[in-house]
Amino acid sequence: MPDYILEMRSITKSFPGVKALADVTFSAERGEVHAICGENGAGKSTLMKVLSGVYPHGSYGGEILFEGKTCEFSGIRDSERAGIVIIHQELALVPHLSIAENIFLGNERRGRGGLIDWHKTQAEAAELLNAVGLGEEPTTPVGQLGVGKQQLVEIAKALAKDVKLLILDEPTAALNDNDSAHLLDLVRALQERGITSIIISHKLNEIEATANRTTVIRDGQTVETLDMVAPDVNVDRIVRSMVGRDLESFYPERNPTPGEVVLEVRDWTVRHPQQDRLVVDGASFEVRAGEVVGIAGLMGAGRTEMAMSLFGRSYGRFVSGRTLIHGKPVAPRTVAEAIGHGLAYVTEDRKQLGLNLLDTITRNVSGAALPKLAKWGFVDANLEAKLARHSMDSMRIKAPSVQSVVGKLSGGNQQKVVLSKWLLTGPDVLIIDEPTRGIDVGAKFEIYTLINEFVESGKAVVVISSDLLELLGTCDRIYALSGGRITGELPVAEANEEKLMTLMTKEKEAIG
Amino acid sequence: MTVTASRGPKGALAQPPEKNGLGELRLALTRNLRTSGIYVALVALIALFALITGGASLSAGNVTNIVLQYSYILVLAIGMVIVIIAGHIDLSVGSVVALTGAISAITVIKYDLPWWVGVLAALATGLLIGAWHGFWVAYVGIPAFIVTLAGMLLFRGLTLFVLDNVSLSPFPDEYGVIASGFINGWLGGYGYDVFTLVVFALGVVGFAMSQYRSRKARMGYHQPVPPLSLFALKILAVGVLVMAFAWKLASARGLPVVLIMLAVLIMAYTVMMQHTVFGRQIYAIGGNLAAASLSGVKVRAVNFWIFVNMGLLSAVAGIVFSSRTNGAQPGAGNMFELDAIAAAFIGGAAVTGGVGKVVGAMAGGLIMAVMSNGMQLMGIDQSLQSVVKGLVLLLAVAFDIWNKRRAGAH
Ligand SMILES: Nc1ncnc2c1ncn2[C@@H]1O[C@H](COP(=O)(O)OP(=O)(O)OP(=O)(O)O)[C@@H](O)[C@H]1O
Ligand SMILES: [Mg+2]
């Protein structure tokens, strides 16, 4: 009889118009790393919110047993007291507060008279940072850290609460390979200290490498729990269980037929908005019709910054450089002009920069193309509804209706809304920053297919991705960016992970 | 095999809403309670005061009086809810009401120019003030709270200055028509004004038709709609209430001129907020500023025009108020900004921006109006009235938040 730290029995949970969890039964053994997989909107995050008391007892059906005791949490404080800590899909740190303050937020170390004991706070924070392997001063404001390091701060914060069961909802979605590897090492290290982890991820190879067992959820129901050491259990096996059939390949076939140059960028140089340093330094590249061009680079290489500054100078201060579209020099100074010239930029940060979470799918999808859907300033509501409906069907956005509020969709479905929004502007060049962040395997394939169809109609796509395999699988040519400079260009036939990595770290080594 | 086309129809993925009749009705009710809560509250409040005052609050004269007395607050609330949806606030509108009224009074009374020159001068002043605020908020980037707080002091001071600290009155009779004029007897009267009734009846029919059309459109796109019974009930309830209101007006002095103006403004601004690119962009800015600007919304221009519009509507309110009080006073419009802000928030606007409706703000303003008026009829002390209004504002917003949380948790 295995020693279960957690048992969730027949959990059900409904929202108006949606049954998010129909019947999920799932248990975690003490000290294991248990992965949860499933398509976008399958109910993974909802299940974890039920477990951690975000949705209080009474608002869901079924039974939760933690350490053999029935749990009826009425809030996240209750679950934390029991030793369950959740790190949400969206990080919840306060950017202006220091690392130490964030770690002990709501859990302050007090001294005499109930005042905060800052010495103790700093000392314990330093210890925790050491435990998670983050070499930063406890006094550094969290806003100055990259996502990878913020993720570690979140874990330190969890450790400060005497965690027994750590829940990580897509912890590596926004991380590059190095940071992901570090984080997963940390999860294994915690396992040695006896901490049980539940980890949700769409990166199945990570799960294969880290998890002891994997539970697959589909349409709000448990499909099965797989023992990862069993001989026939591998990524393909998980995929089959997730989508209900075999997946032959992760990337659709591409038959590139590059045409004329659509977008040409020459000596693009951009300065940091506040500091006096170049973020993009003399970058030149070109994209042809019918081509998917990749941009590889480490965190901080200036990929996003370059893309955003090209897109109507949305980032930093423009220094010099030229852009040509269809051979004609253009200089879009605003986003509206950039859209007018046929550019579209799909942000990597859908919540902050991509969506109006308060509004409906329809209005988000039409958001960037609104002037085109209007006559005399009046929006053609019928046309708008029709296009939204079409996007929802062709992208397979899972939601009760096109009038659903985007903030209530699952992460992956939100990503599809952002993509739809930009496809609707009818661009010639689509720049996609992290196209499949937080998207399930099946939907990834669909998005790649969509990219292919888009370029086959004579358009061009630039893909920025931290996932080198994704670049290798979807692009025709790949540029490497390092320290704001283009350090190399490879046709995909000649490229591999190693070569790209060398190019991506070139500048760094040269500097020291 | 590949993944492309074999995922089954959309319907298999999305869970359809509960199909059994009872569940459907419950769903429709909970969903509609959230949007129609304030209207229900408004009706309940009217009924409550009618009971307490033994029907006095529903007398034809009093109903007409409420319309005349609160019209300018409602005009301000239209502009305010737009400002709030965009994520700003305007604390200066009371002072702007005073200054525009004063400018109009000086033009008409002091310089003896025709009434419409006064109106134009006030409107121009309002536009200028709006542009002034818009400039600082949109192009310099100072938070609206600060800019309009400065404006509140600035324009109150200017009012005192141009009026030399004394009141100016009276206006010629034509000017008084703006706020206290009535249309009566156009189609004859038999103790009640037929024209008023016809206008309102047409309004109700138009409302019913537009609701029906939007319902059909929604069904055409397979979007959830409340059951037909509930829909008919809603139309019927609105129709009965509106016609009862019309009957009251018709049996008093007829159709107030300001009510026509107000109705036109409400309809125009509702259309603007829901159906024009500009209106949509206001919601987009309030909902997520960064995302809006990355979608090509000209954030600065939109913000600028929002404040210009607020200035214009403040001037309209200033004209109506000066017309109603038949003069300009240095202290005119004091605290109007707070009534307008309260109306917007009671009407469902969100403090963080991105959410709100013009009609909601109107209902919010009417709730305040009915309350003040009812308490006046009951002879309740000013001090207590203020306490009650404060509590109502707090409770209304608390109810809204509770409602949202409940919707999220179930
Ligand atoms: N607050 C809410 N209100 C209404 N519906 C919701 C709410 N939260 C989640 N849902 C719905 O419940 C379903 C499950 O969502 P959930 O976020 O659990 O998916 P997920 O498995 O985590 O997906 P992803 O991989 O995309 O993050 C989705 O259809 C979603 O739209
Ligand atoms: Mg999720």
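Yeah, the Cβs are placed from backbone N, Cα and C, and that goes for glycine too.
Annotated features in TrEMBL:
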- B:38-60: transmembrane segment (TRANSMEM)
- B:66-86: transmembrane segment (TRANSMEM)
- B:91-109: transmembrane segment (TRANSMEM)
- B:115-135: transmembrane segment (TRANSMEM)
- B:142-163: transmembrane segment (TRANSMEM)
- B:183-207: transmembrane segment (TRANSMEM)
- B:228-247: transmembrane segment (TRANSMEM)
- B:253-272: transmembrane segment (TRANSMEM)
- B:302-321: transmembrane segment (TRANSMEM)
- B:341-371: transmembrane segment (TRANSMEM)
**Q.** the transmembrane segment (B:66-86) versus listed stretches B:115-135, B:142-163, B:183-207, B:302-321: most Cβ pairs under 8 Å
**A.** B:302-321
Q: Would you kindly list the residues that approach the transmembrane segment (B:253-272) from elsewhere in its chain, counting only those six or more residues past its ends and only Cβ-Cβ distances under 8 Å?
A: 64, 67-68, 71, 74-75, 78, 82, 177-185, 189, 193, 195-196, 199, 203, 278-279, 313, 316, 320, 357-359, 362
Q. Which listed stretch (B:38-60, B:183-207, B:302-321) has the most C-beta pairs under 8 A with the transmembrane segment (B:91-109)?
A. B:302-321
Q.
What residues elsewhere in the chain lie close to the transmembrane segment (B:38-60), defined as a C-beta under 8 angstroms and at least 6 residues from its ends?
A. 241, 248-249, 251-252, 346-348, 360, 363-364, 366-367, 370-371, 373-374, 377-378, 396
